Amino acid sequence: MGPKKQNKGKKSVNNGQKIEEDIDALLAQVTLEDKKNLKKVGDVKVEDSYLDEINKLDPIDVQFAGKEYPVGEICEYLPGKDETNTLNRMTSEEKRALDNDYFEMHKNFRRAAESHRQTRKYVKSWIKPGMKMQDICERLEAHSRRMINEKGLEAGLAFPTGCSLNDCAAHYTPNGGDPTVLQYGDVCKIDYGVHVDGRIIDCAFTVHFDPKFDILVEAVKEATNAGIKEAGIDVRLCDIGKTIEEVMSSHEVELDGKTHVVKPIRNLCGHSIGQYRIHAGNSVPIVKGGPQTKMLENEVYAIETFGSINGKGMIHEDMECSHYMKNFDLANHHVPLKLAKSKELLNVINKNFGTLAFCRRWLDRVGQTRYLMGLKELCDKGVVDPYPPLCDVKGSYTAQWEHTILLRPTCKEIVSRGEDY
């Protein structure tokens, strides 16, 4: 679901206040037709025009029926970064046998990764200024659902499509009826995930149209690749952060006559990934001074970096919340709830999303109405956590790139790598 926020601690009271404001301001509950976003162009529904095209496509498991899914980029571990000689890892029978023990897990990651690659290629073929952000997200998600061959909690979308703009670095997706339109001068972070059996691909890229942002976008991409290269078994997380900061901060961008160093956003970071758990515990910093914790064999990580110009290189929670996720640690605990709507909503969340993140548009999609009071109680009781948009100061511009890596016993696999990035 994009980044883990550093030093998050307890959720601020503002989240509850925002949801209360939403009830007054937003919950003149939209009609069924509005929720389905069946906007007409002449006599043709916009949704139908691309859904017909998408529904003719073969899902990934059909495309590769009887074949192995494409393997990601294979990298040897850097010499001296692990306790076992790098060459031994690649050739050791013991390590190969361990690799084989995880065959099914790797297969699920690769199917999800190929889905991500094909969807992002599709999105890049039509995304352009003048499109509504809600239309962009819903079209992307329709394609992604088709590619992954969505099937309940067995396979599907892993978290809402982030399409954060400019000073907003992460966790923005439009709620139903959001009129925001993509502009030529925007820097848009497209961050979406898919999973098979809870094996999540978390992968992101930045879209921009104005060439004045080329250096910013390339600096962050280069920093992400440097972090990926540094990562490996027995590598300390702090060393990855140091490398990322050095690479990103070496770039300067001229914007409106002023020169800006590209700043890593200090309180955002990558993270380990668990089964059905997007943030599994370890944080991968993007600046020096992080934890001494070492990466371990068979761990999975999202290596992501965020850079900012004309800002502080620090984010804060801002704007209307759209992202939510069940508290993983309370997933199997009973928490008493007062409102019948809260109980109903929790059942819907358990059935459709489990411990994966979701957004309000997805609640609309599964037929939920008048749910904000119930959602507020779930957040107040700690059953569900809100994840508001994370923003640098107004007037700043932020970029993001991200890949998922598998620390296999024999090698490092950048499983989400593609020809594009």
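Glycine is treated like the rest: Cβ placed from N, Cα and C.
Just so you know, TrEMBL annotations never went through curation; they're auto-generated.
Taken from TrEMBL, the feature substrate binding site covers HIS171, HIS279. Here the Cβ of HIS171 (substrate binding site) has 30 other Cβ atoms within 10 Å, regardless of which shown protein chain they belong to.
For the recorded site, GLU402 (divalent metal cation 1 binding site), the DSSP three-state label reads strand. Residues annotated as divalent metal cation 1 binding site in TrEMBL: ASP191, ASP202, GLU402.
The divalent metal cation 2 binding site feature in TrEMBL is assigned to ASP202, HIS271, GLU304, GLU402. Every protein chain shown contributes to the tally, and the Cβ of GLU402 (divalent metal cation 1 binding site) ends up with 26 other Cβ atoms within 10 Å.
Look at TrEMBL and you will find 108-316 tagged as domain 'Peptidase M24'.
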Inquiry  = So among HIS171, HIS271, HIS279, GLU304, all listed as binding-site residues, which is physically nearest to GLU402 (divalent metal cation 1 binding site)? Use the C-alpha atoms.
reply    = GLU304
Ask   = CB neighbours of HIS279 (substrate binding site) within 10 A?
value = 21
Request  = Between HIS171 (substrate binding site) and ASP191 (divalent metal cation 1 binding site), find the distance joining the two CA atoms and give it rounded to the nearest Å.
outcome  = 9
